[in-house]
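One structure below.
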Amino acid sequence: MPYCARGAPQGTVEEEEQQPSPEGRSRPGRGCTDVPWLVAFMLFWAGLIFIAAFSIATGAAERLVFGYDSFGNTCGQLNRAIPGVPLSGQDMRSRTYVFFLDACNIDVEHARVVSPALCVSQCPQEELPTLSALRLFAHENGSALCTYDLAPAEYTTSPVAHDKCPRLPVPASWLPFFHRCAPSSSSCYAHFLRTLVVFYNQMDAFQRAIEAITANYRAVLALSFLSLGLSLAMLLGLRHLSALLLRILAALLVFSLLMVTGLMWWMYSDHADLLARTAAQPGPVLTPDVGGQRDEDDPSPAPFALAATPANSSVPQLGILEDNTLALLVGATLSSIATVLLLLLVLLTWRRLHLAVGLFGMLGRVFSHLPLLILQPVWTFVILASFWLCWVAVLLLLGTAGDPVRTAQGLVEFRLIGPIRYMWWYHVLGFVWVTSFVLHCQRMAVSGATISYYFARDKQRLPPYPILSSISQLFRCHLGTVAKGSLLLPLLALPRCLVLHLLCCLQDKSNACARCLLKSCCCLEGLEKHLRHLHETAYIATAHSGTGFCASALEVFELLSSRPLRIVPLVAQGNLLFFLAKMLVVAVTAFFSILVLNFQPNYHLWVVPLGLVCLLAFLVAGCLLSLLSSVSDTLLVCFLLDCRGSSDGGADRGHDADGEIQKCVSRSIKKLAELDRRRKDSSDARDQAVEEQELRPLGSPSAT
C-alpha cells in the first residue's frame, strides 16, 4: 500500500506544466512576517552599535598594548591632562615602555604590581647599583628612570631623589614583555619565583585555563583546522553513504574511541608515576622532552626528561604536573564512560541505522543538483568569524574604557562608574542572539533552496538561481521570523538552567526537594529537545507557506503528529547518524591533539587546550553536518506537505516524481515491522520454552 493516498490521478506533463507555482515556494501574496520582532532586533542592533561607539570613543586599546603610568599617561602617545592629577598630560610618543620603580613589590592577592610606574624610552639592560649609574644611563640612552618632575642632573643632588627614583639596585631587564620592563636579576628573580608559586596556587581555574590556551594557541589553531578538514571529508562521505561505508564509519568510530581512551589511561599512569617520583625526590626539574632525550634511569616511555634548572622552579612545575595528572584522570574517566555509552548505542541501534541509508542517498541527489549548498556553511563561518572578531575587539575596548580614579596608594586607574559598567551583559546577550540569528538564517536559506528542488516537476530544469532566490526571499520577507526564533531558542534553556542553579545551591542533595528538582530538570531537558526540533523545522513551513513563526510551528506540529510512526523513526535514525559522525570527528581530533599537545615545549596545563580543541571540533562538525540535517528535515517535511496536498486534491501533489522518498519511507516501515515481528517471535519462543520447562514432570531427564 503506498504511503500517500493519492486523492486525484496524476495529470499529464502538459497539465502539470500549466499548474501555477510549480516550485511550490513563491506563492502570490507572500509578505513580511513577524515585523515587530524585526523592529525589536534592529533596535537591539542600535544598542550594540552604541556600545561599540562608546567603547571606541572612551576605550583605549593603547592602554592594553602599551600600558600606562601611575599618572594616567598612556605610553607611546600624546596624552591629555587629567584634572587634579599632577604630571598628567605628558607627551609620551617617544616613551613606549612601562618601567616599575619597585618591580619586586607585587600584590599577590590581587595579582598586580603595586609599585609606581613610569613611561620610559628604554629598559635598563644591566644592573644600575647607584644614583650616579641612573644619571649616566639617562644621559647615554635618553631614558629617565625617575619621576618626570626630577631632571637627570638632580638624581645625585636632590634630597627627594630616593623617593622619586627606583629602588636600588635597579635590576637589569629582559626583552620587554608586552612593553613592560621585566627584571632579570637573581635577587628579584628569586622573589618573582616565590611570588609565582603563591600566585599559581591562588590562581583560579579560569586564569590557569587562559594561561594554558595562550601558551599553546598555535597548536590549538592547527588542530582546529584539522577538525575542519575532517568535517569536510565527513560531509562529502555522507553524501554517498552506503551499507559498506556505514560499516567502515562504525568501525572507525569504535577504533578511535578505544585508542583515545587507552591513550589517556596510559598517559595518566605515566604522569602519576612521574609525579610520585618527583615528589619523593625533589631537586631536578621535570621539563618536556622536546628534543627526545630521556633520563637513563627512567625505563618508562614518558615524554619528559630531567633538566638542569634551578631547584626552586620545580615547585610551580610540580603544581602543574599535579593538575595535569588530575585532569588526565578526569578526562580518562569521562572518555571511558563516553566510549561505553557510544558502543552500547551503536550495538543497540545497529539494525535500525540501515534505515537511514536510503535517506542519505536522497541527500546525495539533492547536492548533485544543488552543489553550491556545500558553500553555505563556509559563508556562515566567515560571517560569524567576522562578527566574533568585532565582538571581541569591542569587549577589549570596553574593558579599557572608564574614567581615571585615584587609588588609596595615590595611583591612577581607569574604571567604569555607574550603570555603564553593566553594559557587558547587553554585549553578551548580543553575542548569543546574533550568533543564533546567523545560524538560523543559514537554515532558512537551505530550506528554501531544498523546497525549490523538491517541488520542481523536472529536476533537470530547476528554477534559476534557487539558492540566491531563497536568500533574497529571506531578506525580503522573513528576517522578522528568524529574529523571533533565534531569540526564543536560547530562552528554552533558561528554565533548566535555573533549576540546575537551585539544585547546586542546595547543601543536601539527597532530600525530597533536591530529588524533585532533579526530576524536573530531566523533564525540562526532554521538553527542551522536543521544542528545539519543532523550533528548527518551523522555518521549513515558513519558507514554503510564507507564514509567521508561530503559525509555521503549529503547521509542522500537525504534520508530524499526523504520521509519527512513519516519519519520526527515519528522522531519529538520521539524527543518530549525524551525531555519530560528529563523535568520529571529535575522537580523531582528540587522538591527534593528545599526541601534539603532550610534546609542546611550553609546560602548562595542556589538558585545557585539549578540551578546547575537542569542543571546537564538535562545534565545527556540527556546523557543517547541520547542512545535511537541514536538507533531510526539509525533504521529509516537503514529503508530508506533498501527501497532504495529494489527499486534499490540491496543487501540491505528486512532486516526488521518482518516488524515492516514498520508497525510502516504505522500506523504513517494512524494516521496522520486520524488526518488531522478530522481537515478538523471539519473545514468544522464550515464553513458550519457559512454560514447557515449568510443565515438564520433575522425574523427566531434562528436568534434572
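Counting begins at 1 with the first residue displayed.
Keep in mind that glycine also has a Cβ here, set from the backbone N, Cα and C atoms.
According to TrEMBL, the features are:
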type	residues	note
COMPBIAS	675-695	compositional bias 'Basic and acidic residues'
REGION	1-29	region 'Disordered'
REGION	675-704	region 'Disordered'
TRANSMEM	35-57	transmembrane segment
TRANSMEM	217-238	transmembrane segment
TRANSMEM	244-268	transmembrane segment
TRANSMEM	326-347	transmembrane segment
TRANSMEM	353-374	transmembrane segment
TRANSMEM	381-402	transmembrane segment
TRANSMEM	422-439	transmembrane segment
TRANSMEM	576-597	transmembrane segment
TRANSMEM	603-628	transmembrane segment
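Listed stretches 353-374, 422-439, 576-597, 603-628 were compared with the transmembrane segment (244-268); the greatest number of C-beta pairs under 8 angstroms is found for 576-597. Comparison of 35-57, 217-238, 353-374, 422-439, 603-628 by number of C-beta pairs under 8 angstroms to the transmembrane segment (326-347) places 603-628 first.
Taking pairs at least six residues apart, the transmembrane segment (217-238) and the transmembrane segment (603-628) share three or more Cβ pairs below 8 Å and count as touching. Here the listed stretches are 35-57, 381-402, 576-597, and the one with the most C-beta pairs under 8 angstroms to the transmembrane segment (422-439) is 381-402. Distant neighbours of the transmembrane segment (35-57): 390, 394, 397-398, 401, 420, 423, 426-427, 430, 433-434, 437, 479-481, 483-484, 487; these residues of the same chain sit at least 6 beyond its ends, with a Cβ under 8 Å from one of its Cβ atoms.
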